[in-house]
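Colleague: Sending over a structure as structure tokens; questions will come in a sec.
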Amino acid sequence: MQYVGRAFDSVTKTWNAINPSTLSGAIDVIVVEQEDKTLACSPFHVRFGKFSLLLPSDKKVEFSVNGQLTGFNMKLGDGGEAFFVFATENAVPRELQTSPIVSPTTSPKQTPSINVTEPQDLELDKVSQDHEKDQSNTYLMEDGYEFPLTRDLIRRSKSDADQTPPTGFKHLRHSSCLEMAGSDRTPSMPATTLADLRLLQKAKELGKRLSGKELPTRVGDNGDVMLDMTGYKSSAANINIAELARETFKDEFPMIEKLLREDEEGNLWFHASEDAKKFAEVYGHSPPASPSRTPASPKSDSALMDEDSDLSRRHSLSEQSLSPVSESYPQYAKTLRLTSDQLRSLNLKPGKNELSFGVNGGKAICTANLFFWKHNDPVVISDIDGTITKSDALGHMFTLIGKDWTHAGVAKLYTDITNNGYKIMYLTSRSVGQADSTRHYLRNIEQNGYSLPDGPVILSPDRTMAALHREVILRKPEVFKMACLRDLCNIFALPVPRTPFYAGFGNRITDAISYNHVRVPPTRIFTINSAGEVHIELLQRSGHRSSYVYMNELVDHFFPPIEVSTRDEVSSFTDVNFWRSPLLELSDEEEDDTNKSTSKSPKTPKNTKFGYQEFEGIDEEDAQDYSPSPLIKSFNELMFEGEEDEEGEEDVENAV
């Protein structure tokens, strides 16, 4: 039952990883300090599931390093992928275009404020200092609203308009006011009279009566108060409400009818008093506000209406065409990398750093690791499925039920490799949605007290189904691995003959092809099969076989220790090169003599009928060296003569 429970939980987690709606994860990042002390990084691949982001407004991703928030926020795309946003003046391709992240620093620039503006309907703040000069033209009510006293506008002369051309205008119409902002006109209002105050008091009482509880009302989205007109039936309640509204407006209708007048152009004119209305009908404009103001030349109503209609026609023009200076707005583009200065501001520590990406105030978080290396750190690549596990498919299945299905000795071998000064990197074709489960699996491997060393886990940024389709159906996992390794070579920025990858472990020929693509020597490409037999790719035809356990005994031979202190030293100061005796200096004559001595024909041996070897090509001078000495020659003759005499005596005796 324990295995069944583990299998059910693991299948649920696996389904969540496969389901695009719940897929979330982040790939580890590698930051390299290059030879010129600049920093370069691999892409920041982060993806959030749709169920983790219930609100479409959750677009801002907070990015933190080692628990400290950074100022480089990310933005979420439609598919849940996160990316950085930067502004540029250059042209941006359509697939890389985006909008800026919502923040005070990236908000669009506001247009310059105009001197004369229309007060907002629900503005409850105090009047700003910019409008203090217009206080004589308005009356501040008890509830904080500004009520204009008159709506007649006195125009300046054409000479003044020619001297100060307008920079823009906005023709605003309201139910209770008409203001022309940004134009070459300045409002001039009459002095406040007792009749005006009585009129304002009546308006206040009317507002209070309209806002009573006996009238069913509601406030719209734009702040307007509307009567409840639901039902569209002539019921008794509706009749009573209509009668109440009629009684409410009965006393005010004559006054409103006198104050409002509709002209030929459809404009509404609102006068402060009857005196102002009569003055406008006689002279064509309102009386002057004070003696200090210079009155404009009187104009007829027809001239004023013609000018207003002309402004209405010009209102259709865009504000951009009327602006004196055209501003160039920056373009915003997507990116997955940070610059060298931005990486340096993260205050990274050598080795492992923790990353976290949070959305919606930390309710949805993805974690990853960042490894800070140097350009001269040798890197060992290791596959996961089939290389650390015993097989591709069974490695996934037995991991789901909690059974160990790893090769024996792999933890100790990788630990010894890292102890000798090498960096380990885990490369797999799994999708980014399996990042957390893959890191959890590697972290929990333990064999005889040894665990796998820490290293970046590089996965495919594709979705789970796309990654499985490429690896299982198309059988081309090397497409992703080759592209990934090429990108990592670029961030190390080493010369072409050199490569940052020292060795590679895999289980297929596709892994060997990927490692060979980034110039890993064939003598250091190790392939392991499901039986645990390791062979070198170059010696595969020779039948050479080994295992992780036997490689532990020769780990210093395959991966010699690298001293950190002497890693950057020149090779001429090693023990072999520094302590050996220097080469002899030969003159030209000595070199000619040595060439003559070596030009003689070699002395090749020749077998005789007695089995001895004689040398051909021997000169007469050299033949004396191989002839026996006189002493040896006389000794041999005496020995042979004695033997002949004994043989003769024996023959004679036999004959007798």
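Every residue gets a Cβ built from N, Cα and C, even glycine.
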Colleague: Going by Swiss-Prot alone, which of SER286, SER297, SER323 is annotated as phosphoserine?
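Modeller: Going through SER286, SER297, SER323 one by one, Swiss-Prot flags SER286 as phosphoserine.
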Colleague: Have a look at SER136, SER302, SER321, SER326 and find the one that Swiss-Prot tags as phosphoserine.
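Modeller: Of SER136, SER302, SER321, SER326, Swiss-Prot lists SER321 as: phosphoserine.
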Colleague: Can you tell which of SER113, SER128, SER159, SER292 Swiss-Prot marks as phosphoserine?
Modeller: SER159
Colleague: According to Swiss-Prot, phosphoserine sits on which of SER103, SER290, SER601?
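Modeller: Matching SER103, SER290, SER601 against Swiss-Prot annotations yields SER103.
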Colleague: So what sits near SER99 (phosphoserine) in its own chain, CB-to-CB under 8 Å and at least six residues off in sequence?
Modeller: TYR332
Colleague: For SER99 (phosphoserine), which DSSP three-state class applies?
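Modeller: Looking at the DSSP assignment, SER99 (phosphoserine) belongs to neither helix nor strand, so coil.
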